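Annotated in TrEMBL:
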BINDING   A:134, A:135, A:136, A:164, A:178, A:182, A:322, A:326, A:327  L-histidine binding site
COILED    A:252-301  coiled coil
COMPBIAS  A:51-79  compositional bias 'Polar residues'
DOMAIN    A:68-389  domain 'Aminoacyl-transfer RNA synthetases class-II family profile'
REGION    A:48-101  region 'Disordered'
């Protein structure tokens, strides 16, 4: 797994909508600050020009009303449009503009709220840029740029800083480091299995066990197959995922209301909610039958988990959809079994991300793992390691004239790969011993005049108290 | 040297002027975006209210002229102020405001141009923030925050990203990584000697020698002693440093002109330029005498360099002043001896930085070392290492049904600390060998059905071609 790094600044392009989709568990169709300007101006015209004024016009919330006040010509004296003088009026908005009826306005408000979490600004070259909120879109851009010169599959990781302007809670900061691992070029579920294996290996290494942490696993295809079963059009899929992703945050009645406004029938909604409550593959099989890709993928993943030896870490949970727009297949998230913290990590398959950057699609999957929640968990479990300073040698001259000699000794030790804290001032020996204890030095090297004349130094092993003289050349 | 990390975002406070001083070789008195607003509005009044209108008013360049156009009341019809209707007018600007005569305006323009290099913006909480252009002010803030709980001296290092919006040239990017090392709490030159030693050790480790790179060393105190010798007031010191720092960039006549506008007499200017051209400590001693701190510090540093064994790397050069406002003593910069590149690194003593953050002063010194110029130098010298991928094992199943078995083998090897590239798809052996060669795998582990039934796998040592079977438990 080679490490990679990407720039911290993203340029906000029209076709790069995915930059604006924020972990965790939030997503939407891609809209952009630049785009917003046109959306806003089009929303303004709705109240006056629509002949059948509905509550929708009351719901539009123009953020700037300059146009509405002064009219298109800028003249103040032009007569107001009178909607009751009925003529045959085209009820469609002008080409390229959009109205925002309440259901769309809610989505837009939700979306704008999410924009707020981006650190975005205009640079001195008038580019709209943002501090990256996550690493995957930067990776996708890089892969497309490198193109066919990259021998697939890629197995890359990165640890990078990400920024989000959000309300700070436990394990949620405005700046954090995120570990990402991605496998690009493997369509099989073996890739997801390998990724989860890496996380489990990491957990084990830091002392976290399967009784502390688990992975909820599902597939976006579960939802897709249910919707297709009821002939719900594919373009509604993304929107439904957004709504579903909020299940743990808002009351179930509000979820239902939103699903209804996405034109889902009561029957579909009921079926959907039933499926989402499924917590075992057996039950899922009863619901979906054995033929769909969702079940085949999930069964393979659970079978591989047995072989990898992490079957006790993972469980099927149909309610997991993850918050990023680009996931297409298996999705998973790590959670603490006590339920005190937000998701520890999350990931999934994103087979169509690359084409949104203008490249060919390449099957891909990956995960993101922040440094904040895991530290909270380690604290919670009493597993935070004590990492005291570790310096092998402290070197000190006994005489101001021997400072240079002490420096020479430090240089020799460093050349031999040893770490050295060189005492840079004239300090009493008592101070030197105190400092040696604080930095957990193993040896004290004393450069005294009599020894130095013989080409020797004094050595004190601080753990045992053993003391001896040694030739500088023989210091190891 | 413990590693540290700081946030990437700086809040721009009034008293944190130092955030705005940019490496390399630029500095100024500390002014801030917020402050600028008041400066600008005060500059606007100059043309109309000053009775003795000079060329200075023509030189003022208000960036916003709204007030000037509409007058204070906003009324368009109020009569213009007539400067020739002479009354006794206070020729001082109103309290708290400032005029900008040409010499000050030039400084302000220069300063504003430098502001442009900051990535600064307002966050959603209306804080003026900037992406850090360098790391030292963040370190200073942290040290003050930790206060007396920190046992001095501190010897800390950091590698962090820094951002500057500047014209991109060779070795100059808008985002770079910077290695910083600082020693806080040591007033003696032993600290500077130790820092330079660290850089030399690093250079040697990557193959750079004293014939490739040198350090120009001086002390800000040299300049200070010359100015004091001519009774030039101390407050002019910073401004003179700014001008001097431009010596290699603009013609000497312009330097002189600027020094004159800083109220230095011809005599002082000539003396200053003579001193700045001094390239040896012997000559400096002739100029300054033996008693000043500048010479004592520098002599001690060169003596320590002998003992450390890097005397051939350093040379005295009085023209080095470095571009940051906060340096107070020894300053140094690493340069390539062929003169093709800009400074490789730079640093110095900054004994008064902490008090600008409201803390007590603590003696301190440090350096910054960017990742861009050094890579250019390594390229130039043919010293860029070939760093090919290095994976110990490639593990592959010979049969789709044995994928899980291959995963189990990978897990076992990883638990034993080995790196493994697991083949995740069904690929012909030819493909596997090609990939093994590309990633420089040392061993190929083949999981075949007959061997697996015996609890064994096939091993091929790829360097020697040696082949054998081994029990999975005995894989090392």
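Numbers here mean position along the shown chain, with the first residue as 1.
Positions of Cβ are set from backbone N, Cα and C atoms, glycine also.
Please treat TrEMBL annotations as automatic predictions, because they have not gone through curation.
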Which listed residue (A:136, A:178) has most other Cβ within 10 Å, given these are binding-site residues: A:136
Count of other CB atoms lying within 10 Å of the CB belonging to residue A:322 (L-histidine binding site): 25
Cβ neighbour count (within 10 Å, all chains shown) around residue A:327 (L-histidine binding site): 23
Site extent for L-histidine, whole Å (max Cα pair distance, A:134, A:135, A:136, A:164, A:178, A:182, A:322, A:326, A:327): 22
C-beta crowding around residue A:134 (L-histidine binding site), within 10 angstroms: 23
Conformational class of residue A:136 (L-histidine binding site) under the three-state DSSP mapping: helix
